[in-house]
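These features come from TrEMBL:
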type	residues	note
TRANSMEM	65-84	transmembrane segment
TRANSMEM	93-111	transmembrane segment
TRANSMEM	117-137	transmembrane segment
TRANSMEM	158-178	transmembrane segment
TRANSMEM	184-204	transmembrane segment
TRANSMEM	262-283	transmembrane segment
TRANSMEM	303-321	transmembrane segment
TRANSMEM	348-369	transmembrane segment
TRANSMEM	381-403	transmembrane segment
TRANSMEM	415-437	transmembrane segment
TRANSMEM	449-469	transmembrane segment
TRANSMEM	489-509	transmembrane segment
Amino acid sequence: MTTSISPGASAGARLPRQIPFIIGNEACERFSFYGMRNILVQFLITSLLLQEVGGPGREAEAKHILHSFMIGVYFFPLLGGWLADRFFGKYDTILWFSLIYCAGHACLALFEDSRHGFFLGLGLIALGAGGIKPLVASFMGDQFDQSNKHLAKVVFDAFYWIINFGSLFASLLIPLALKNLGPAWAFGIPGILMFVATLVFWLGRKRYVLVPLRPKDPHGFAAVVRTALLAHAPGRGRPGLMLAVVSVLLALAGFALIEQLGIVVCLCIALVLLLAGIGGGTWWQLERARGTHPDAAVEGVRALLRVLVIFALVTPFFSLFDQKASTWVLQGREMTMPAWFTASQMQALNPLLVMLLIPFNNLVLYPLLRRGGWEPTPLRRMTSGIAFSGVAWIAVGAIQMVMDGGEPMHIAWQILPYALLTFGEVLVSATGIEFAYSQAPPSMKGVVMSFWYLTTTVGNLWVLLSNVAVRHATVTAHIADTGLSEAAFLMFFFAAFAFLAALAFGLYARRYRMVDNYRTA
């Protein structure tokens, strides 16, 4: 049905009545997620793994579990987006994944002493949280039309702040619950909040605007890729197809290393190989898709493949960023702090600083840089953000060296690396989403957001690979030769990783030609 909008309709438009249900759902869901995630390493070390793994191995195992969990959280958006777009629509997909999410929280609270039950809960939460991740914001956008679209920015700003408020209070309160009430309550409270989130979302069911499923696009991303790889050009081979086939074979061969690397690492390596091989092969033969598909569709795939190179160079940032919930918490546990405080609570600095830095950057820093003749373009901001994350890890590595020398350090010293890392996050994450949307053609914006979430999955893969490497005798001997502890060595290693990524990103960005794919008014 088409509704005509009078010129004065926009001025008198009201906020859709269903929006508070979505905002309330997001506030409770984010509290539940960050509440359980931010105590996960602390709980694993002090409870679940206490009797099974000894000494430093327990800390390494806790890191492995956390980053494996995060890999799942950022992989399953692919599944959620696909199910919503092809079969069930956003509302039903969000509701059913939310129920899975609730079941996962229940497992954490009920099976605090059972390894299998607890890990089942983590898997269900990864599936539920990942499944709804790409859908809630876009579902909220569906509630607006031409008559009230000017209110959408206000609502999305509130949406972003709600996410950070939920993270802030969860990071402050749930570690105290773990310390004073025990694991059942510490995991149970986030579970209750997730149940409330699901209930609030369900209560708005009769008010939501449900956008009908779109028919399958015969000229979508997957269709163009398939045509490019399989099309035959007379007198020419199929080097792109061969590259894709080799990547598939290497991905399958990698599973022979499951015993040494673990299933999660092997799956992620297979994913990276497939993305690289199929993406590279498509680029090689993309021109063969012309004729079968419109030029706009072919150029859209080309634009997306160029964006994927940018995304690949961002993955080292996320390997540093997500370790604030593991490596930095482990360091904080060895520092001095008030009796009422816990190392996990330091993570509350991140959302607090995000809420301060975003308006500071937009209102003060960026205008100041422009007046100085330096335009903070998206790619420049992202390059700087990756570099700042490296500086943060130098700071935390310096703290570790002092601690390794026997000097006690107060946990307040972590404020500096948290500030540097959060500044890098604001430059990379918020800018990256804006960049992805601007560069992807309208028909492929959903695809590009799915790939954006995969940058976090691959970033956590680098962490798992580093954990595997330091268990090897040769690597351990090399670390010992440097005179650094294993913790300090890895901190400086990740700092160097970030600086190399920033250099590569900056060099590629200089050759990258920006396009403007925002929709016309």
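Numbering starts at 1 and runs along the chain as displayed.
Just so you know, glycine gets a Cβ as well, placed from its N, Cα and C.
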TODO: Could you tell me what the rest of the chain brings near the transmembrane segment (65-84), counting residues at least six beyond its ends with Cβ under 8 Å?
DONE: 37, 40-41, 44, 90, 93-94, 97, 119, 122-123, 125-127, 129-135, 262, 264, 268, 271, 322-323, 325-326, 446, 449-450, 453-454, 456-457, 460-461, 463-464, 467
Open item on the list: Can you see whether the transmembrane segment (415-437) and the transmembrane segment (117-137) are touching - at least 3 CB pairs under 8 angstroms, only pairs 6 or more apart in sequence?
Closed with: no
Task: Long-range neighbours of the transmembrane segment (449-469), counting only residues six or more past its ends (CB under 8 A) - done: 60, 63-64, 67-68, 70-71, 73-75, 77-78, 81, 133-134, 260-262, 264-265, 268-269, 271-272, 275, 304, 307-308, 311-312, 314-323, 326, 432-433, 436-437, 475, 490, 493-494, 497
Task: Stretch-level contact, the transmembrane segment (381-403) and the transmembrane segment (348-369), CB cutoff 8 A, at least 3 pairs - done: no
Open item on the list: So, taking each listed stretch (158-178, 184-204, 262-283, 348-369, 489-509) in turn and counting its Cβ pairs to the transmembrane segment (303-321) that are under 8 angstroms, which one gives the highest count?
Closed with: 489-509
Open item on the list: Within the same chain, where does the transmembrane segment (348-369) have neighbours whose Cβ lies under 8 angstroms from its own Cβ atoms, ignoring anything closer than 6 residues to its ends? I mean 6 or more beyond.
Closed with: 161, 163-165, 167-168, 171-172, 324, 375-376, 415, 418-419, 421-423, 425-427, 430
